[in-house]
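Listed in TrEMBL for this protein:
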BINDING   35, 36, 77, 80, 81, 82, 143, 144, 145, 186, 196, 233  ATP binding site
DOMAIN    66-197  domain 'AAA+ ATPase'
BINDING   81  Mg(2+) binding site
REGION    197-267  region 'Small ATPAse domain (RuvB-S)'
REGION    270-358  region 'Head domain (RuvB-H)'
BINDING   306, 325, 330  DNA binding site
Ligand SMILES: Nc1ncnc2c1ncn2[C@@H]1O[C@H](COP(=O)(O)OP(=O)(O)OP(=O)(O)O)[C@@H](O)[C@H]1O
Ligand SMILES: [Mg+2]
């Protein structure tokens, strides 16, 4: 695909200038675009989702109809945006992109919907952050392919029905639990993306190394994969950081010792925990005696937004058994204390021992 190369050239040439934060972000985005799989066959892992989605799309193609609405949920960087682009590409349909926070008024959504053509794919990122009136308009659009556009205000207001050609809505969310039931129920296919296994991430790193023309050895890519928090976006980012290290401080080849030295330098530990993950565990154990503590308090303690702690750090920590959610708040597990090199307090703070019982 020709525009792959262009994007890559641009990303590579900016790489050697000194970058401002914004430029660096642009650079990362350009590289991310290059590395994005373009077809379902190129997607690594997520076998079940790929299989199910492939069937949904194939059936729709045979019927000559727009596929059912699709909801993609899961932690950041696991492939939601990638899959939405693939859905459009596989259906050879134009893709329109918007996001929940961008739709502040129902009118914004009406404008988008009224410009849709039959079979178009509408991608709404962060769909759980859409405003209430827009959400209600979306229910109707999804089910009946119709919206009521309200003209005027007060008693004189009239609703004008507007037909919309059948389209496919692809919604993405890091927080499926926050979606109202009526919205969730209107998706014909829901896919929850899981963290990737190390061997899958290894394949992703190897593929990316090929695309970015980075010389790698097998145990070097395996090391990057095992420290990538189960997340392709992080795997790709770590590969680029290790490449920097290899080019500047080593012979240019990503070997095991090079990968280890580089990842240590960037403070990504051997289990893949990064600074934020460790800060959360550290605050939980040292400042709150292992919990239970509310997520907002924990977020303040590490100087981060609540959403960041909840959506970025927590799912990985929970899935790896370092942190548990209880009705009374977050608690550290024995593995967390051990990972920080601390001894757990003698009382089982995680249990239901209360100070007033005896
Ligand atoms: N299954 C996969 N195989 C190979 N690469 C992948 C896969 N999934 C994601 N990636 C890579 O990871 C990057 C991040 O994926 P993507 O942008 O789709 O994540 P996301 O789920 O939309 O994240 P966010 O919630 O932050 O928007 C992509 O650029 C792509 O290169
Ligand atoms: Mg995305």
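Cβ coordinates are placed from backbone N, Cα and C, and glycine is handled just like the others.
Annotated features, which come from TrEMBL, shown on the structure.
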{"residue": "35", "record": "ATP binding site", "Cβ within 10 Å": "20"}
{"residue": "77", "record": "ATP binding site", "Cβ within 10 Å": "24"}
{"residue": "81", "record": "ATP binding site", "Cβ within 10 Å": "19"}
{"residue": "143", "record": "ATP binding site", "Cβ within 10 Å": "12"}
{"residue": "145", "record": "ATP binding site", "Cβ within 10 Å": "17"}
{"residue": "196", "record": "ATP binding site", "Cβ within 10 Å": "25"}
{"residue": "306", "record": "DNA binding site", "Cβ within 10 Å": "14"}
{"residue": "325", "record": "DNA binding site", "Cβ within 10 Å": "13"}
{"residue": "330", "record": "DNA binding site", "Cβ within 10 Å": "24"}
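Residue 77 (ATP binding site) sits 18 Å from residue 306 (DNA binding site), taking the C-alpha atoms as the reference points. Of the residues the record lists as binding DNA, namely 306, 325, 330, the two whose Cα atoms sit farthest apart are 15 Å from each other. In this structure, the C-alpha atom of residue 330 (DNA binding site) lies 24 angstrom from that of residue 196 (ATP binding site). Taking the centre of the Cβ atoms of 306, 325, 330 as the DNA site, the nearby residues of that chain (Cβ within 8 Å, site residues left out) are 294, 295, 298, 309, 310, 314, 323, 329. Across the region 'Small ATPAse domain (RuvB-S)' (197-267), the DSSP tally of helix, strand and coil residues reads 52 helix, 2 strand, 17 coil. A Cβ distance below 6 Å to any atom of ligand 2 is met, among the binding-site residues 77, 81, 145, 196, 306, 330, by 81. As a whole number, the greatest separation of Cα atoms within the ATP-binding residue list 35, 36, 77, 80, 81, 82, 143, 144, 145, 186, 196, 233 is 37 Å. With a cut-off of under 6 Å between the Cβ and any atom of ligand 1, the binding-site residues 143, 145, 196, 306, 325, 330 reduce to an empty set. Under DSSP, residue 81 (ATP binding site) is assigned to a helix (H, G or I) in the three-state scheme.
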